[in-house]
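According to TrEMBL, the protein has these features:
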- 25-34, 116, 143-144, 221, 259, 370: substrate binding site (BINDING)
- 180: active site (ACT_SITE)
- 257: active site (ACT_SITE)
- 376: active site, nucleophile (ACT_SITE)
Ligand code: SUG
């Protein structure tokens, strides 16, 4: 640590536990993996264990690791609000018969991708010295629009102490304020405990934007107006923020979030040359606002094509800081399967002039088939030691908690789920029993609709 004011700050990665209804329903338009794997049989148990294994590997390597619970699915409340009535069994049966796509949506375990849970500003950057949170409205798709209410309750339960944590309302859930959270936000700084500059990447401008500069094929999920509103809620000044437009061609190639094409950590920005519409202006503004030299690590298309970037999720890696100043890149197993990508990791990243000194490969294939890599599965929260102590619940991973969560998954999760199984009323009962036990295990109190009635 460079001075005493930043002593004790660490980045804690809060990974989303994969829920018991993890399935492949092809729900996410513009997400190539989700679109191509819809209809496959999933393995929720394996998915949850892969996630827990990633968390444990990083904890064992010395990185503070947190965990966030999954959501209540099927979302029977959502089905009822859409006019399905009667007993739970009747609601599920009628939805399966009359609106199977709606049933699939209310069963999605998409809250596992906690990079979309919300946007977080560390206390070091906030005028009031508190950590600020805004749950993302995820209004781009129905299955994800169902998440923010419970997300807000979960974040408020864990980051409960008002002396340290401030929670803001979800932005209006309407296209002008379309918000997908931290997946489109990167904080750059010298070290985590130093003040940072916030890079917000948006896909389109809602008011007065130029349609010629927007994607043609797939939707832009983040608006400039949403990013600006979050920065405003968190009290960030213009000197602390950079707003950059994502390259529309990248969105049209399947880059539905910025974290599919760029990742930053400390002063390092690892990105594909097609990440930003105006690369030079984005780098210039970051350089002007940062108090430390920016270390851009640019990957050109000739090294990794857009297709390889989207298929391998190279940029959906976690970039983690080590005490000696070096960084570790946590990549999905798919990076090893594409020769150009693996070669780029060796030649350009590991051998290049940058702090990346190590690569860890993790298998998160169950999540990857729905378009969620290592970085999607975690929400980064930089916390001081005092703030870590102020957390509510057992949410920081230990060997004991990892063991209990593993046993919990093995007790409750199925190892096979086809889209047609989602109407099984027993699945709903199993899930509620599992989640009730989980809130006790994590000691976070009642956060689910079924616990609040
Ligand atoms: O929103 N997939 C998610 C993946 C989110 C990845 N997150 C980040 N890049 N940060 C999405 O597209 C697919 C669900 C299905 O098809 O069943 C899904 O929602």
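Yeah, the Cβs are placed from backbone N, Cα and C, and that goes for glycine too.
The subset of recorded positions (29, 31, 33, 116, 376) lying with their Cα within 10 Å of the Cα of residue 180 (active site) consists of 116, given in sequence order.
Ranked by how many other Cβ atoms sit within 10 Å of their Cβ, the recorded positions 29, 144, 257 place 29 at the bottom.
Listed recorded positions: 27, 33, 376; maximum Cβ neighbour count within 10 Å falls on 376. Here the recorded positions are 180, 259; the one with the fewest Cβ atoms within 10 Å of its Cβ is 259. 27, 116, 257, 259 are the recorded positions among 27, 29, 116, 257, 259 whose C-beta comes within less than 6 Å of an atom of ligand 1, given in sequence order. It is 9 Å from the Cα atom of residue 257 (active site) to that of residue 31 (substrate binding site).
Geometry remark: residue 33 (substrate binding site) versus residue 376 (active site, nucleophile), CA distance 13 Å. Across the fold, the C-alpha of residue 29 (substrate binding site) and the C-alpha of the residue listed as 'active site, nucleophile' stand 17 Å from each other. The C-beta environment of residue 31 (substrate binding site), restricted to residues of the same chain at least 6 apart in sequence and closer than 8 Å, consists of 254, 256, 370, 371. Each of the binding-site residues 25, 116 was scored by the number of other CB atoms within 10 A of its CB, and the lowest score belongs to 25.
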